[in-house]
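Q: A single structure is presented below for examination.
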Amino acid sequence: MTRASPSILFVCLGNICRSPMAEGALRQAADAAGLALTIDSAGTSAYHIGSPPDGRAIRTAALHDANIAGLRGGQVADEDFERFDLIFALDEANLADLRERAPADCHAEIALLMDCVPGRAGEAVADPYYGGEEGFAETWTDVAAAAQALVKQFGG
Ligand code: 4NP
């Protein structure tokens with residue numbers, strides 16, 4: 001993963017908690033580093049198409065000066081495997097869904113997000129949806145660590 005300015009898609013189940021938070025964290029880190037990246041997020045499910053992020057995700061991001069309130073849920077589309085250079089799954093179930101769905105000649109490199117964080121390869125970003133606000137704080141810590149690692153990797 002050494003492309004100069006890659007396009008990156010974050011994928012979770014609903015696209016209202018973890019992946020929009022990852023999108024917000026990387027936008028913030030890339031902006032701070034003056035790095036131009038193409039960043040988006042999507043869900044493997046169609047549950048929340050058109051919906052804003054979960055209020056807990058919006059509030060947690062805002063605590064870290066990231067505004068994700070304008071994002072809207074979407075589902076992974078076939079063209080995403082061509083359009084993006086990197087597709088990061090937030091957990092193993094998302095990773096398995098993506099791998100199953102990817103075409104044989106897939107352009108995108110598909111990986112687990114925490115694989116990019118030194119010492120945390122193979123770890124999932126836990127689904128905070130059914131828990132309390134503290135789970136979202138943990139999500140932010142994880143996705144912010146990944147965002148920092150990605151910015152470092154891409155020269156920011
Ligand atoms: P996310 O969290 O995958 O991080 O967006 C979830 C959001 C919604 C649901 C599950 C997980 N749901 O079952 O509706």
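The backbone N, Cα and C atoms fix where each Cβ goes, and this holds for glycine too.
Bear in mind that TrEMBL entries carry predicted annotations, made automatically and left uncurated.
So TrEMBL says this about it:
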- Cys12: active site, nucleophile (ACT_SITE)
- Arg18: active site (ACT_SITE)
- Asp127: active site, proton donor (ACT_SITE)
- 6-153: domain 'Phosphotyrosine protein phosphatase I' (DOMAIN)
Q: For the domain 'Phosphotyrosine protein phosphatase I' (6-153), what's the model's average pLDDT?
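A: A mean pLDDT of 98 is what the predicted model shows over the domain 'Phosphotyrosine protein phosphatase I' (6-153).
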Q: CB neighbours of the residue listed as 'active site, nucleophile' within 10 A?
A: 28
Q: How long is the line from the C-alpha of Arg18 (active site) to the C-alpha of the residue listed as 'active site, proton donor', rounded to the nearest angstrom?
A: 7
Q: In whole Å, how far is Cys12 (active site, nucleophile) from Asp127 (active site, proton donor) when you measure between their Cα atoms?
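A: Rounded to a whole number, the Cα-Cα distance is 9 Å.
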Q: Can you check what DSSP calls Cys12 (active site, nucleophile), collapsed to helix, strand or coil?
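A: Looking at the DSSP assignment, Cys12 (active site, nucleophile) belongs to a strand.
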